[in-house]
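Before I ask anything, let me first share the structure, which is written out below as structure tokens.
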């Protein structure tokens, strides 16, 4: 066949488009991906027929599917579908705006060429939805936004005496505009148009307009333009140097006799949000969940927002400072970012330099903008990511990873994970069951194998040894922690020795305790821990641990508890899948009664239900995957938010929250896969939060897809993954738009933008030189001095009891129980399979 990449890419459209037709034919309404694929693949078939023009297909694309054929929120989330195909006269772009614009569409077009039966319209009842239930809905405060509020302004009369139109942007020094514009140039010295940042005023030939001018902010140092008023603003120059330059250059000038003060410009909140994103007091619905966030603070400056694009703000002499050296300015600015972090839910520009977040606040040009944060200058060396229609979170940490297959890492990155901690060597039986990279030989191989993967890695050695020699060896070989696992031995003696090594080397211990109760009950394990800090994996117990009451460790200050995601949240199918998962992962045999009893002892509806409650109250502090060993690496983020959504449904708003303001709950849950695992494993000084000094590992989401599929992942300040279209297309938004590895995922770049986390002892022994690795090696630290009190938004320590016969779980005497969910958000609406 000798197909080109662009042809094999489009086969994905055909595959999913055909699948969507089959689903529609049997009466299923389509989700967003299915809808786009069906319309796109049908357009390609019409292009192939060669009987339609580009213009005709732009119209035909609107006449396939109607609102009744797609899921709630799909019409509003698909603004444009674009394809490129080979017409009789070449390859051209077809753009279909608002493709779902009628109730009924025309299924004859949707099924054209498929030979599938066209379903009756009666199968798809139309049901209009209230606006506030739309995916990613935005509710703005009922007030206006005042721009440039505290500055002087006046009305200026302008005429275009030229024979061509002139368009002037918001932050262009008006004095410097086209010589064909006639107005009082001297009066305009030090002023720009009083219009929203990034907008413009157009003057047609011969047209007269009266516009409002507003004084520049900042230091009032001007650069660029035509050079009429360059330098520091000086009132004395208006009638001298500036006047001389205007006359010498032949710039249109007419003195304005009457000068009127202009009114403060006010913007409708909805209009403001459409341009710059939501601001203080505005509320956003997260995906299809009943979770709402409210913007707590906006650090940008109304009227001086950074905005990139043709004729917009970030241009020389405007929002981009002139004459700055590379070291003086940001490498990257993320403009108008809506940040969702444990520290708050707020709006700000984010500045990145050398892969590190160096500023969060207001970026721009301090020469002519107010409020620019120190160290956040935008210059000609600065790249821009427009964050105004996106939500920004810290990259997720998955700290329970079985390194079974390299393919796990692609799935992890695509889901928003930027750091993985765990152990293993591949699909060996030991690694299938436990997260241990057990020898120096394997440690070197695994660190080398992951040296060019764009994720931060940490490897845990085996801590199941009542002697200390092997543990010393593996820590000094690069282990960032130790794993104690019952499959290798989790006896009191083993736990005590492992914790002694952890204290000596300042690393963390991850514990999978003794389900069998072979050496003692949970009390014996707690006695062996002796009040020392430890990370308790899958604290509910289905993933392993003292049956039936390992969950009681949630009450202890020194125990840092986490969940693994197969039980997140408790749903009607949760228990039924667990037996087979458990048997395979831990090498059990269904023909052996004791193995069946062992497995059954770990699967309890009562403790799984209690886990929901304890996650919601902050008694369980973290969520991780246990990937390919009873968990799913690509669902750490998704299942965390499903849990949050379920618990709001069953328990209502948290204290301090409201029905349409869930900021406290959102901060609690985002902390579970960002800051808290970072603190637990001694990494929070560099990752786990959107904070100055941290690595720029950032994930960007649309509000309507929050928690399901990211738009872009930044790894150490470099784009490593993004949703991008056909590589042969004229623009990057042509279908199929797929999550794809970007430049930051290329091997040499990955080594530059990522970290390998190791022990300080291994660095002292010159691990980087011995292993010849390219990644930045960082030592974990402060793993031993932390406790439950340090878990952000997840530090509660209720008195726990578990009835050994009924398995009822009580926290501070209150029964922890919720029913299993039979329907959850972030499910079929978002995923094809």
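Even glycines carry a Cβ here, placed using N, Cα and C.
According to Swiss-Prot, the protein carries these features:
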type	residues	note
ACT_SITE	586	active site, proton donor
BINDING	400, 402, 483, 626	Ni(2+) 1 binding site
BINDING	402, 433, 485, 512, 629	urea binding site
BINDING	483, 512, 538	Ni(2+) 2 binding site
DOMAIN	395-833	domain 'Urease'
MOD_RES	483	N6-carboxylysine
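For the listed features, I'd like the structural context: burial, neighbours, distances.
There are 22 other Cβ atoms within 10 Å of the Cβ belonging to residue 586 (active site, proton donor).
According to DSSP, residue 402 (Ni(2+) 1 binding site) is assigned to a strand segment. Using a 10 Å Cβ-Cβ cutoff, residue 402 (Ni(2+) 1 binding site) registers 27 neighbours.
DSSP assigns residue 483 (Ni(2+) 1 binding site) to a strand segment in the three-state reduction.
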Whole-number answer please: how many Å between the C-alpha atoms of residue 586 (active site, proton donor) and residue 433 (urea binding site)?
5
Given the binding-site residues 485, 538, 629, state which is nearest to residue 402 (Ni(2+) 1 binding site) when distance is taken between Cα atoms.
629
Around the Ni(2+) 2 site (483, 512, 538), what further same-chain residues have their C-beta within 8 angstroms of the site's C-beta centre?
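My list of surrounding residues reads 400, 434, 435, 484, 485, 510, 511, 513, 537, 543, 544, 545, 626.
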When you tally the Cβ atoms that lie within 10 Å of each candidate's Cβ, which of the binding-site residues (400, 483, 485, 512, 538) has the highest tally?
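Answer by Cβ density within 10 Å: 400.
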For residue 433 (urea binding site), which residues of its chain lie six or more apart in sequence with Cβ-Cβ distance below 8 Å?
485, 487, 585, 586, 587, 629
What is the separation, in Å, between the Cα atoms of residue 538 (Ni(2+) 2 binding site) and residue 512 (urea binding site)?
8
Fewest other C-beta atoms within 10 angstroms of its own C-beta: which of the binding-site residues 626, 629 fits that?
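Sparsest of the binding-site residues 626, 629 by Cβ contacts within 10 Å: 629.
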Which of the three DSSP-derived classes (helix, strand, coil) applies to residue 512 (urea binding site)?
strand
